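The annotation ATP binding site is assigned in Swiss-Prot to Gly33, Pro34, Asn35, Gly36, Ala37, Gly38, Lys39, Ser40. The domain 'ABC transporter' feature in Swiss-Prot is assigned to 1-233; the stated evidence is sequence analysis.
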Amino acid sequence: MSQLMQLKDVAESTRLGPLSGEVSAGEILHLVGPNGAGKSTLLARMAGLTSGEGSIRFGGAPLEAWATATLAQHRAYLAQQQNPPFAMPVWHYLTLHQPDKTRTGQLNEVADMLGLGDKLGRSVNQLSGGEWQRVRLAAVVLQIHPDANPVGQLLLLDEPMNSLDVAQQNALDRVLHHLCQAGIAIVMSSHDLNHTLRHAHKAWLLKRGKLIACGRREEVLTPSYLAQAYGLRFRRLDVEGHPTLISAT
C-alpha cells in the first residue's frame with residue numbers, strides 16, 4: 001500500500017499530540033480511545049479544518065497548500081454532529097455532494113446500499129436521527145466515490161456508527177469495504193473495540209491526546225495497551241473463530 005498521508009509531530013494546544021503516523025491508500029484505520037482522547041480533534045486536523053503544530057502531508061504536498069475546493073475533491077469528512085441545513089429533499093442534499101451531478105445511477109446505488117432508496121423524496125428535516133446519519137454518510141461517500149470521482153482518495157469519519165442499528169452498521173461496513181478495495185483510505189473514530197478488531201486493518205489508540213500504540217489492529221488492541229487507555233482490565237477470547245474483547249472485573 002502506498003502512503004497517502006504523513007503526520008509528523010502533530011499537536012494542538014493541550015488537546016492533541018505531538019504524534020506521528022502514516023495513512024496508506026486502500027486501508028481502514030480506526031482511531032480508538034476513551035472520550036476526550038483527541039480522536040475528533042485529530043480527524044478535524046487531518047481534514048484540513050484546523051491548524052496547529054507539526055506537519056501533515058497529503059498526496060505528497062503540505063495539507064495547508066491545498067486549495068479548499070481541490071481538497072474537497074480528494075477527501076471527504078463527516079463531522080460527529082451536524083443538523084440538517086434547511087428543508088430540502090434527500091436526493092437534492094445528496095446531489096450537492098456529487099462531483100458529477102448527472103450520475104443519478106450512482107446516487108441511487110449508494111442510497112439503496114444504505115437503506116435510503118425509499119427516502120429520497122423526504123425532506124431532510126423530517127428524518128429520524130438514524131435516517132439523517134445515513135443521509136450524511138451517503139453524501140460523503142458520493143463525494144469521493146471512485147466510480148464518480150476519479151481523484152477521490154480519503155474518507156474521514158467521526159463516529160459514523162452513531163444512531164445506526166446493527167443491520168445499518170453492517171450495511172455501512174459493506175460500503176466502506178467496497179471503497180477500500182477501490183483504493184480509498186478510510187480513517188474513522190470508533191468506540192466499539194470488537195468492531196475495530198474485526199473490520200479495521202490498523203488502529204491508533206489514544207488517551208488524552210497521546211498516541212499509546214499504533215499498528216495492526218491485533219497488535220494495538222491488546223489487554224495491556226487497553227488497560228493503559230481505559231484504566232480497566234481486559235481479556236481477549238476466541239468466540240467461534242473471532243477474537244473478542246471483554247472487560248474483566
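The backbone N, Cα and C atoms fix where each Cβ goes, glycine too.
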Average pLDDT across the domain 'ABC transporter' (1-233), rounded to a whole number: 96
Cβ contacts of Gly38 (ATP binding site) (under 8 Å, same chain, 6 or more positions away): Arg15, Leu16, Gly17, Leu206, Arg208, Gly209, Lys210
Number of Cβ atoms other than its own within 10 Å, given for Pro34 (ATP binding site): 15
Least Cβ-crowded entry, counting other Cβ within 10 Å, from the binding-site residues listed as Gly33, Gly36: Gly36
Packing count at Asn35 (ATP binding site) (other Cβ atoms within 10 Å of its Cβ): 7
Gly33, Pro34, Asn35, Gly36, Ala37, Gly38, Lys39, Ser40 excluded, remaining Cβ within 8 Å of their centroid (ATP): Ser189, Leu206, Lys207, Arg208
